[in-house]
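Structure, as structure tokens:
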């Protein structure tokens with residue numbers, strides 16, 4: 001199957017230049033690229049679809065280029081509202097190294113069709129202002145640039161600086177440089193990048209007469225229509241496990257709504273059309289089993305954190321709800337699992353009772369409620385039922401010397417952390 005046909009059944013083509021011409025070009029191996037600016041020290045879930053697209057093309061025999069925006073990161077792609085904060089060179093360089101490591105886990109840099117990683121600072125920083133205006137700027141109409149949606153929105157509100165206004169020219173020049181050096185003929189990106197990407201197609205045509213192509217992926221939203229990738233805490237869902245634990249990552253996809261889970265399986269996984277059709281039947285006929293969500297969570301955690309992490313977080317989920325041993329969890333997995341809960345911190349030297357712990361962790365609101373919970377058999381510490389109101393933990397009960405998992409009933413739990 002031609003890669004373009006594959007992308008079409010998956011619903012992964014939002015906009016493109018001449019699709020028939022692109023399909024014909026992809027009958028033979030091509031070189032394509034996607035750029036990532038180092039505006040943070042980690043990529044996030046919003047970057048996933050284009051990153052996975054690079055792998056899809058590579059597995060179909062095409063050569064991907066990952067472009068790290070060492071130059072464009074200093075400028076910042078215009079947002080709908082407000083100027084971006086300028087980043088220092090040290091910050092840019094730190095972010096670049098972090099992002100490069102993450103990109104290397106998505107595409108192969110050896111074997112067949114090995115990927116290439118480039119930094120647009122290599123050609124942008126050495127270009128003089130005169131050369132840039134003469135060789136790039138002269139090929140752009142101000143009317144066309146002003147017609148870009150993001151630019152129009154900014155001009156209608158708080159305006160836009162010349163710096164950010166020029167961003168599309170820098171990105172267009174990237175495409176020209178990659179076409180010259182690597183015969184790169186396709187740029188892919190998110191739906192909000194369409195204007196910048198077609199600027200590169202136009203610039204290639206004007207400076208060398210070369211026919212190149214553009215393709216953007218759909219905007220991904222959750223079941224509530226909110227921008228994809230927001231964690232339950234309201235922040236971004238990061239690829240860096242230090243920022244978003246593997247457990248939180250898994251839980252995000254496990255909680256995907258029925259209305260979006262099949263799209264997510266098409267967009268984010270490498271499952272076949274037949275496998276996804278079977279899961280679609282499960283959603284329609286047995287939604288309460290959440291088979292599609294579980295498979296999605298497994299596939300996405302495998303992809304970003306590795307299979308061992310998937311096994312660990314599934315064990316953690318079982319352990320938190322009393323279906324497996326908490327003692328089998330390593331400290332990082334336990335910490336990640338409890339990061340989604342209330343953490344009650346116990347100062348060094350204090351020895352609270354089970355009643356104090358239940359109240360402190362917010363599982364009950366009074367001593368009377370705590371006593372009733374204990375009497376009714378609903379108080380658990382590390383999945384062991386507590387039957388005495390006077391119970392206090394001893395050192396041998398603490399997980400990794402510092403933690404307790406406190407549970408009320410079947411589903412309400414919290415973490416207790418003892419200070420050293």
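Backbone N, Cα and C define each Cβ position, glycine as well.
Quick look at what Swiss-Prot lists:
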BINDING   33, 167, 171  L-tyrosine binding site
MOTIF     38-47  motif ''HIGH' region'
MOTIF     227-231  motif ''KMSKS' region'
BINDING   230  ATP binding site
DOMAIN    352-418  domain 'S4 RNA-binding'
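Mapped onto DSSP helix, strand and coil, the motif ''HIGH' region' (38-47) counts 3 helix, 1 strand, 6 coil. Residues of the domain 'S4 RNA-binding' (352-418) grouped by DSSP class, helix first, strand second and coil last, total 19 helix, 19 strand, 29 coil. Summarising the L-tyrosine site geometry, the residues cited as binding it (33, 167, 171) extend over a maximum Cα to Cα distance of 18 Å.
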